[in-house]
Amino acid sequence: MTLSGLLVQLLNGLVDASSLFLVASGLSLIFGVTRIMNFAHGSFYMLGVYVAYTFVSHMGESVGGFWVAIILSSLMVALLGALIEIVILRRVYRAPELFQLLATFSLVLILQDLALFIWGPEDLFGPRAPGLTGSIEILGRNFPQYNLVMIVIGPAVLGILWLLLNKTRWGVLIRAATQDREMVSTLGVNQAWLFTSVFALGCFLAGLGGALQEPRIPANLALDLESIGTAFVVVVVGGMGSIPGAFLAALLIAEVKALCIALGTIHIFGIDFPMSKMTLVAEFLIMAIILVIRPWGLLGKPQATARNDHSAEPPLRPSLPIFKWCTAALVLALVLVPVFEETFPYAQIILVEIFIAVLFAASLHFVMGPGGMHSFGHAAYFGLGAYGAAILVVTWKLPMELALIAGPLLAVLGALVFGWFSVRLSGVYLAMLTFAFAQIVWSIVYQWDDVTGGSNGIFGVWPSDWLSSTTALYYLTLSIMLAGILILRRILFAPFGLAIRAARDSSLRADAIGVDVKRVQWVAFVVAGLFGGIAGAVYVFSKGGISPEAIGVGRSIDGLVMVLLGGVQTLFGPIVGASIFTWLHDSVARETDYWKAVLGMIILLIVLIFPAGIVGTLSHLWQWIKHHRPLQTKKVEASK
Amino acid sequence: MQETILEVNGLNAFYGRAHILFDVDLKVRKGEVVALMGRNGAGKSTTMKAIMGMLSRTQGEVSFMGNAIAKSPPHVISKMGMGFVPEDRRVFTDLTVLENLEVGSQAEREGAPYWTAEKLFELFPNLGEMPHRPGGNMSGGEQQMLTVSRTLMGNPYLVLLDEPSEGVAPVIVEQMANMIMALKKQGLTILLSEQNLQFADLVCDRAYVLENGHVRFEGTMEELDANEDVRRNYLSV
């Protein structure tokens with residue numbers, strides 16, 4: 001590596017830092033005031049690129065026209081953001097954190113399909129910036145002029161934001177609201193408009209960040225999740241709500257990545273380390289390190305002990321005899337399904353898919369319902385279990401029976417490591433960290449061609465002969481799922497299960513009566529990881545292979561939706577949720593190209609109208625019917 | 001007799017399923033300083049928060065200067081000229097003294113005392129010495145003055161003052177009493193929640209005594225002083 005090469009890479013780092021900062025500062029600003037971690041922020045960035053593509057293509061031939069187009073695009077995105085805030089987000093500010101995260105994630109899905117609908121699936125290469133198409137020479141290397149402008153824009157925006165926040169009444173109100181929203185409103189400030197304006201500004205910054213990329217990268221539909229992952233990392237590393245922190249973190253991360261690229265492949269002890277491939281992992285490693293040594297980020301402030309935001313959950317009750325009989329009947333019916341193979345040839349295949357989904361959802365529910373830890377990266381364990389089994393069978397030529405047992409152990413290992421870090425955090429931070437770990441797993445799998453097959457995945461993983469028939473596989477999956485659910489359920493009613501729930505309801509009190517909260521949560525994490533891994537291993541054999549798409553963010557979110565669709569406060573909820581979700585996915589995805597938008601709408605429906613999920617809503621209804629009369633008299637008494 | 005500025009009828013309040021206030025009735029007339037007394041947990045703060053529109057679940061009627069406000073959000077109530085000073089102060093610790101005042105500032109209001117930062121610094125000279133100090137670097141007493149000043153910047157007709165004497169040094173308590181009397185002279189109406197009878201005697205005209213969310217006594221301070229049963233049952237520790 002030469003000096004000039006290093007210098008150019010460091011300058012490239014500054015360019016990336018600027019664009020990272022634009023996206024992350026908006027995210028941080030929005031989080032600071034509204035306390036909402038906006039998953040859709042990357043989508044606003046993506047829309048910025050697309051809208052700028054359209055505007056610049058139409059009016060960007062002159063220098064003035066180009067910059068007007070950039071500003072106009074950012075304003076359009078800001079307007080859309082304000083609209084979404086008013087119509088949707090205003091309804092979820094009082095909802096539990098988990099629902100807020102999901103509501104914004106539903107926007108990711110809907111906005112992505114919106115972009116697909118308007119601009120189509122192809123990558124769009126936009127025109128370059130007039131007047132800045134050349135390059136300058138630095139130590140004999142060419143450096144694009146446009147990149148120099150990018151380097152300047154980051155610090156300039158930082159300066160403008162600082163002035164805005166410190167020298168205007170609006171800024172003072174924003175900073176006050178970041179600290180104590182309720183107090184601000186008792187002083188006569190209408191929070192609703194303050195929130196809308198902040199959200200619009202945040203979206204403007206995301207849109208600007210995207211629009212400025214228009215001459216550099218093609219507009220494509222993967223930009224949203226790509227950018228949100230990194231933006232999260234920047235915000236968490238910098239300290240949530242801190243704008244200078246976001247700048248510092250953007251600089252740190254972008255430069256570390258630039259260094260990784262500059263180093264290329266290095267040789268240590270005869271082993272090649274392709275550092276340039278480490279960039280994705282690098283940012284998440286930085287975040288993991290920062291979160292452990294300084295959980296509130298570089299320039300953030302330790303948050304006051306989070307108030308228990310989930311409403312009091314009813315205790316779990318042993319099931320009634322009638323419920324047990326119904327379950328037994330259902331199992332019997334499932335056992336008999338292969339008998340009717342002729343009439344419903346497709347039933348076994350879809351049911352196998354449902355069983356796997358049920359086991360996956362039940363394992364996620366274990367950690368997020370009774371465990372109270374909202375994991376946004378449960379796909380990691382599914383993926384580790386799946387790849388573990390696939391590698392054992394294909395590379396190591398082990399028989400399926402062994403792989404089915406040993407594969408999930410990889411998931412356990414992952415859960416041991418990730419869980420150790422994760423249980424040290426809570427709330428949004430925990431959600432972000434689990435999300436980051438899942439991204440690490442995904443990027444390792446995606447980039448480690450020699451072992452995982454890279455983007456192609458591993459195929460040709462078929463079951464042993466005696467299990468190769470559809471029916472045999474059906475019975476295997478059914479029994480694994482049933483065993484898994486019964487074991488998870490048994491654990492929840494054991495003393496350990498009581499400890500988990502105690503730790504969720506009040507970690508301080510649980511600590512005080514002798515429950516080692518962190519250890520209990522860690523074990524819960526590992527148990528959930530194990531069963532998630534088993535679901536992954538079974539999945540591999542049912543599909544004959546595995547690829548990175550199957551273990552991405554989408555799987556984590558599917559899991560969350562399954563659990564919430566059924567109802568997070570019930571044990572039967574995730575089972576119903578996973579079944580309905582899988583069936584719905586199977587039938588709707590075949591009919592439309594816009595499954596994501598449909599899924600997004602479903603999530604919004606759950607969050608806004610049925611927060612208790614299907615099973616929860618039904619059981620509330622049942623309780624209401626049962627106690628209709630006493631409830632009514634109570635109400636009359638109260639209103640007297 | 002002066003006109004009624006605040007009237008509360010049959011106010012009930014809930015935290016989740018817990019019923020906290022039971023049919024609370026009270027009246028505050030223009031220019032009065034009225035004490036809301038009772039032990040810890042009697043419902044004093046809850047009453048104030050309910051009046052200010054800060055609780056999500058309340059029933060009953062609240063009328064402020066002739067407007068029904070029971071269903072209004074806090075910022076609307078504040079804009080009508082009602083100020084609230086919380087007991088736990090809640091100054092914005094990241095903001096300077098002047099910025100804290102800026103957050104509270106509202107337009108001038110007809111018939112209410114008009115406040116500027118300069119006038120408040122006259123009332124609280126301590127604050128005037130540290131206009132650029134962050135709220136987080138102030139003593140408890142200074143924060144108490146700041147939180148009162150911040151509310152006054154909204155030029156309210158009525159201030160709900162929640163336990164200003166709690167947790168501050170005796171010398172500050174004295175300053176608070178002087179301040180309340182000074183504010184009263186300026187024509188401000190105050191509803192003051194207080195546990196300390198001596199403090200209330202010093203500054204208040206009338207008192208309501210709460211116990212377990214019920215109003216147990218209503219009368220002038222002289223009547224309260226003379227009523228040993230009420231004092232023993234509902235006030236003494």
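Just so it is clear, glycine is given a Cβ too, placed from its N, Cα and C backbone atoms.
Note: TrEMBL annotation is automatic and uncurated.
Record features, source TrEMBL:
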type	residues	note
TRANSMEM	A:6-31	transmembrane segment
TRANSMEM	A:101-120	transmembrane segment
TRANSMEM	A:186-208	transmembrane segment
TRANSMEM	A:228-251	transmembrane segment
TRANSMEM	A:281-299	transmembrane segment
TRANSMEM	A:320-340	transmembrane segment
TRANSMEM	A:346-367	transmembrane segment
TRANSMEM	A:379-396	transmembrane segment
TRANSMEM	A:402-421	transmembrane segment
TRANSMEM	A:428-448	transmembrane segment
TRANSMEM	A:472-499	transmembrane segment
TRANSMEM	A:561-585	transmembrane segment
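The transmembrane segment (A:561-585) and the transmembrane segment (A:346-367) are in contact, since at least 3 Cβ pairs between them lie under 8 Å (pairs 6 or more apart in sequence).
Just going by CB pairs under 8 A, the stretch in A:186-208, A:281-299, A:320-340, A:428-448, A:472-499 that sits most against the transmembrane segment (A:346-367) is A:472-499. Using a Cβ-Cβ cut-off under 8 Å and counting only residues 6 or more beyond its ends in the same chain, the transmembrane segment (A:101-120) has close neighbours at 36-40, 42-44, 46-47, 50, 53-54, 84, 88-89, 92, 95, 219, 221, 224-225, 228, 374, 376, 428, 431, 557, 560-561, 564, 593-594, 596-597, 599-604, 606-608. For the transmembrane segment (A:402-421), the partner stretch with the highest count of Cβ pairs under 8 angstroms, out of A:186-208, A:428-448, A:472-499, is A:428-448.
Sequence-distant contacts of the transmembrane segment (A:186-208) (same chain, six or more residues past either end, CB-CB distance under 8 Å): 22-23, 25-27, 29-30, 33-34, 38, 41-42, 44-45, 47-48, 51, 70-71, 73-82, 84-86, 89-90, 93, 157, 170, 173-174, 177.
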